[in-house]
Amino acid sequence: MHIAEIALSLLVVVIIVVSLLSNVVVLICFLYNTEIRKQVPGLFILNLTFCNLLLTSSNMPLTVVGLVSKGHPGGQGFCQFIGFLDTFLTTNSMLSMAALSIDRWVAVVFPLSYHSRIRHRDAVLAVTYAWVHSLAFSIVAACLSWVGYHQPYASCTLCNVRASAVKTGFAVYTLALHSLTFLLVLVVLCVTYLKVLKVARFHCKRIDVITMQTLVLLVDIHPSVRQRCLEEQRKRRRRATRKISTFIGTFVVCFTPYVLTRVVELFVVVPISPYWGVLCKTLAYSKAACDPFVYSLLRHQYRKTCGDIINRFLKRGSRHVSGHRQENGRSNNSTLRNVSCVQFQSFTECFLA
């Protein structure tokens with residue numbers, strides 16, 4: 001094997017390990033925490049986790065086999081089934097991301113009417129549409145035998161070689177697939193998250209103005225509390241932009257090279273370089289490893305659930321509580337400053353609103 005093939009194989013193996021571990025942790029948190037299960041976004045995250053786990057356990061290992069053996073991984077029928085899964089799972093996961101972005105947009109822009117606008121019935125309908133949409137495109141490709149082993153990507157996926165007799169039909173299908181999945185989801189992500197960012201910046205400015213006005217009024221406030229409040233202002237300004245950039249950026253970085261390559265190969269006679277094709281496919285696979293962190297594990301609720309599971313597994317619940325109290329006693333001054341700052345900000349909002 002060439003050194004580039006070895007590097008790509010190791011990269012896919014790392015993605016498989018990270019994706020399996022992180023998605024399993026998300027699934028455990030979902031089953032463990034009843035509050036997560038009751039929330040409407042939990043259904044979208046569960047659907048996304050299911051797609052990521054199935055893609056990780058079926059398609060990714062066969063790509064490694066294809067890189068190592070440089071050949072067809074299994075029989076023709078088996079490869080067509082894996083190609084069907086590749087189209088179905090990728091499309092379904094993209095639509096789940098769009099559903100999550102719409103849910104967060106409604107939660108931020110319409111907080112008072114969120115529970116009346118987004119209900120579990122609506123979430124079930126959205127997931128059902130994602131499955132019907134994904135199955136429709138996958139079944140069409142499978143019935144027309146447009147899926148198979150594609151050498152430039154070292155995987156079983158949509159194959160333009162198998163559709164050489166009907167190039168126009170395959171081109172229309174491919175453009176429709178990527179327009180109604182990748183492009184549609186990208187537009188939804190940009191519109192919804194930019195609206196969320198706009199609202200978040202508005203609230204940040206409002207809180208900053210209130211905080212600065214109150215800092216001027218309360219001249220006898222301790223300097224450490226004043227400094228901490230100003231530091232919280234700076235962090236608050238950056239936090240919303242960083243989160244929105246992560247949601248949109250990971251989607252663009254992971255899927256754009258692969259989608260553009262699939263579209264370009266429809267109209268270019270020159271074959272795609274196998275190294276570039278496998279790299280694009282690997283980037284698309286990496287989204288399955290990023291999703292658990294982007295949408296779940298970095299959130300406070302999931303981190304707290306993970307901590308509760310670990311404490312329960314290690315049977316350290318009571319010792320953790322006592323140790324936490326001792327630590328609070330040792331760092332009393334620092335804790336008081338933190339609490340004072342939080343209370344101070346809440347007071348400014350209520351007092352000057």
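Every residue, even glycine, has its Cβ placed from backbone N, Cα and C.
Taken verbatim from TrEMBL:
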DOMAIN    22-295  domain 'G-protein coupled receptors family 1 profile'
TRANSMEM  6-32  transmembrane segment
TRANSMEM  44-69  transmembrane segment
TRANSMEM  81-102  transmembrane segment
TRANSMEM  123-149  transmembrane segment
TRANSMEM  169-196  transmembrane segment
TRANSMEM  244-260  transmembrane segment
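Counting Cβ pairs under 8 Å to the transmembrane segment (244-260), the stretch among 6-32, 81-102, 123-149 with the most such contacts is 81-102.
Across the domain 'G-protein coupled receptors family 1 profile' (22-295), the prediction's mean pLDDT works out to 86. Tertiary neighbourhood of the transmembrane segment (44-69): same-chain residues 1, 5, 8-9, 12-13, 15-16, 19-20, 23-24, 26-27, 30, 82, 85-86, 89-90, 92-93, 96-97, 99-100, 103, 123, 126-127, 130, 149, 153-156, 278, 281-282, 285, 288, 291-292, 295-296, selected by CB-CB distance under 8 Å and a gap of 6+ residues from either end.
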